[in-house]
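TrEMBL has this to say about the protein:
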type: BINDING; residues: Cys119, Cys121, Cys129; note: Zn(2+) binding site
type: ACT_SITE; residues: Lys194; note: active site, schiff-base intermediate with substrate
type: BINDING; residues: Arg204, Arg216; note: 5-aminolevulinate 1 binding site
type: ACT_SITE; residues: Lys247; note: active site, schiff-base intermediate with substrate
type: BINDING; residues: Ser273, Tyr312; note: 5-aminolevulinate 2 binding site
Amino acid sequence: MQDFKRSRRLRSSAEIRSLVKETNVHISDLIYPMFVVHGENIKKEITNLPGQYHYSIDQLKDGVQEVVDLGIKAIVLFGLPENKDEEGSEAYDSNGIVQQAIREVKKHYPNLLVITDVCLCQYTSHGHCGLVKEGIVVNDESLEKLAQTALSHAEAGADMVAPSDMMDGRVGKIREALDKNNFKHIPIMSYSVKYASAFYGPFRSAVNSAPQFGDRKTYQMDPANRIEALRQVEADIQEGADIIMVKPAFAYLDIIREVKNSFPMPVAAYHVSGEYAMIKIAAREGLLKEEESMVETLTAIKRAGADMILTYFAKDMAKWIRRNS
Ligand code: PBG
C-alpha cells in the first residue's frame with residue numbers, strides 16, 4: 001500500500017519548521033504610530049489604547065529613541081491640536097503640533113523616516129475629515145486644505161505624507177502642491193482603501209476626532225465592497241500614489257491579497273486601534289496570550305501581501321523579532 005502524505009515530517013522540530021517557514025515579519029516592515037500633544041512634560045498612557053502614549057514635544061525625543069534603538073525605520077505622526085475650528089486650521093499651520101513634532105524628530109533622528117497622517121478630522125470642530133457646508137462634507141473645497149496640510153508637513157521636514165481623509169482627488173492635488181514647491185521627491189502613501197470601520201473607535205477617543213454629527217460613510221468605503229477597492233487603488237495610482245494602503249488590516253486580509261495581486265505597487269496595511277485593543281484587552285483578561293496573538297496577527301497580514309504594516313505593536317513585535325532571530 002502506498003503510504004499517505006506525511007506532512008508532519010516538515011513540522012517535527014523548531015529547526016525544520018523555521019527552514020520551511022514561508023512568511024517572516026521583519027523589523028524593517030514595521031511603522032510605528034505616535035501621538036503628539038501640546039503642553040510640557042507629558043508622557044501619558046492613552047486610556048483607550050493601552051501601551052500607547054500622548055507625548056508633548058519635549059518628551060518626544062525619548063519616545064522616539066526607544067523606537068530607533070529597536071531598529072524600527074519609520075514612524076507615523078498624529079497630532080492633537082490646541083484648538084479646533086470649522087476649517088481645521090491647525091492642520092496646515094506651519095507651527096501646528098505635527099509640524100513642530102516633525103522638526104523635533106528630524107533634528108535628532110535625521111535617518112528615521114517620518115511619515116505624517118494628512119487629514120482634517122482631529123482639527124475640525126465638527127470632526128469630519130473634510131470641510132462641511134450646510135451639513136455636507138464637501139469634496140472639492142476640502143482638497144486645497146488637504147494639499148496645504150501635506151505641503152506644510154513636507155516643509156517641516158516630513159519624509160512621506162499619508163492622506164487618510166478619503167476625499168476624491170486628494171492624491172492628485174497633494175502631488176501637484178508638492179511638485180510645485182520643490183517636493184517632487186516626497187512620496188505619497190495613500191490610504192487608498194479605507195473602510196468606514198467600527199475598529200477606529202479607540203483611535204478616535206485617543207485623538208478626540210469622532211464626528212460631531214453623522215458618520216464617515218459618505219467618504220470611507222463600505223466594508224461589504226471588494227471590487228470598489230480595486231477602482232479606488234486604480235484612481236490613486238493614476239493620481240500619483242507611491243504606496244497603497246489597505247485599512248483596517250486583519251478584517252480585510254482578502255482585500256490586501258487582492259490589491260497585491262492586482263497592482264505592481266508596494267502595499268501597506270494598517271492594523272488599526274480596535275484590532276490592537278481587542279488583543280490587548282483579551283490578553284489582560286487572560287483570554288489570549290498577547291505575544292502569540294500579536295505574532296500570528298502580524299504574520300497573517302504580511303502573508304496576505306502587505307509589504308509594510310502600521311501597527312501599535314511595532315515596538316513589541318520588534319522586541320520579539322530580536323529575541324527570535
Ligand atoms: C484620520 C485617521 C483615522 C485613523 C487613522 N487616520 C480615523 C478615522 O478615519 O476615523 C484610524 C487609525 C486607527 O484606528 O488606528 N482620518
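Placed from the backbone N, Cα and C atoms, the Cβ positions cover glycine too.
Cys129 (Zn(2+) binding site) sits 18 Å from Ser273 (5-aminolevulinate 2 binding site), counting Cα to Cα. When the binding-site residues Cys119, Cys121, Cys129 are compared by the number of other C-beta atoms lying within 10 angstroms of their own C-beta, Cys121 comes out lowest.
When each of the recorded positions Lys194, Arg204, Arg216, Lys247 is scored by how many other Cβ atoms sit within 10 Å of its Cβ, Arg204 comes out lowest. Spacing of Lys194 (active site, schiff-base intermediate with substrate) relative to Lys247 (active site, schiff-base intermediate with substrate) is 5 Å (Cα to Cα, whole number). Ligand 1 lies within reach of Cys121, Cys129 from the recorded positions Cys121, Cys129, Lys194, Tyr312, judged by a C-beta closer than 6 angstroms to any of its atoms. Long-range C-beta contacts of Tyr312 (5-aminolevulinate 2 binding site), restricted to its own chain and to partners at least six residues apart, with a cutoff below 8 Å, comprise Tyr32, Pro33, Leu49, Gly51, Gln52, His271, Ser273, Tyr276. The distance from the Cα of Cys119 (Zn(2+) binding site) to the Cα of Lys247 (active site, schiff-base intermediate with substrate) comes to 15 Å.
Taking only the Cα positions, the spacing between Arg216 (5-aminolevulinate 1 binding site) and Cys121 (Zn(2+) binding site) is 10 angstrom.
All protein chains shown were included, and the count of other CB atoms within 10 Å of the CB of Ser273 (5-aminolevulinate 2 binding site) stands at 25.
Residues Gly88, Leu120, Gln122, Thr124, His128, Gly130, Ser164, Asp165, Ser209 surround the recorded Zn(2+) site, their Cβ atoms falling within 8 Å of the Cβ centroid of Cys119, Cys121, Cys129, which are themselves excluded. A gap of 9 Å separates the Cα atoms of Cys121 (Zn(2+) binding site) and Arg204 (5-aminolevulinate 1 binding site). Taking CA atoms as the reference points, Arg204 (5-aminolevulinate 1 binding site) and Lys247 (active site, schiff-base intermediate with substrate) are 15 Å apart.
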